[in-house]
């Protein structure tokens, strides 16, 4: 937002936002890999420090973009703000998914995925775990900053507190996508994260339509996140119950078959004895 206000083009300013997020990710990666600070504390430390950094760059807590500057959403003239947002959002999503799919099919991307799956095995194959972690931190935080820059431009302002609670939406979207589709191509899983975010927002819209006080939304955020986090466990337990039920049913069938075979054998043996008599 500060770059756009100072005259930088909207696309260049958006890319600068990505670069700033990547730099923050590099700091988080360094704290985790080199100083061995736990991941959660690393995120808290980085966010705490970035609050002051953002305030220093912006010069104030809020910057308005309405009616004074050109944003990326002014590049498409559809006549409707919602339609324009959908078009720009779809273009950005397609570009990001394409880049991520390409990246995770490269040698570096495969190495990063290997570190995410099994660090010990990755290290045994000569992969530098720390370097891969820093790269993934930079990529993920860069994408978060990219989303933030687009959010500021579509809302028409940038505020220091506007990102609070966004992690809840991100976690819920990922969990919903994992529940909806598994064992599908990477591009489909990435796309389903977008679908998961839309579903989450629809649920919030339904809650508001029911007349719930907006001041209580944080409670529903926490409640929904708890439900979504527990869904994989509930799904696993349901699968285990189904398997156990199937095994018991199969065991009863086998037992009945064995009993029937035993009865037939006894009848045959009794018939043979009668014939001998």
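Glycine is treated like the rest: Cβ placed from N, Cα and C.
Not measured: the values here are computed from a predicted model.
Taken from TrEMBL, the feature transmembrane segment covers 12-33, 40-61, 81-104, 134-154, 160-181, 190-210, 216-234.
Counted over residue pairs 6 or more apart, the CB atoms of the transmembrane segment (134-154) and the transmembrane segment (216-234) come under 8 Å in fewer than three pairs, which marks the two as apart. Most Cβ pairs under 8 Å with the transmembrane segment (12-33) belong to 40-61, among the candidate stretches 40-61, 81-104, 190-210, 216-234.
For the transmembrane segment (81-104), the partner stretch with the highest count of Cβ pairs under 8 angstroms, out of 40-61, 190-210, 216-234, is 190-210.
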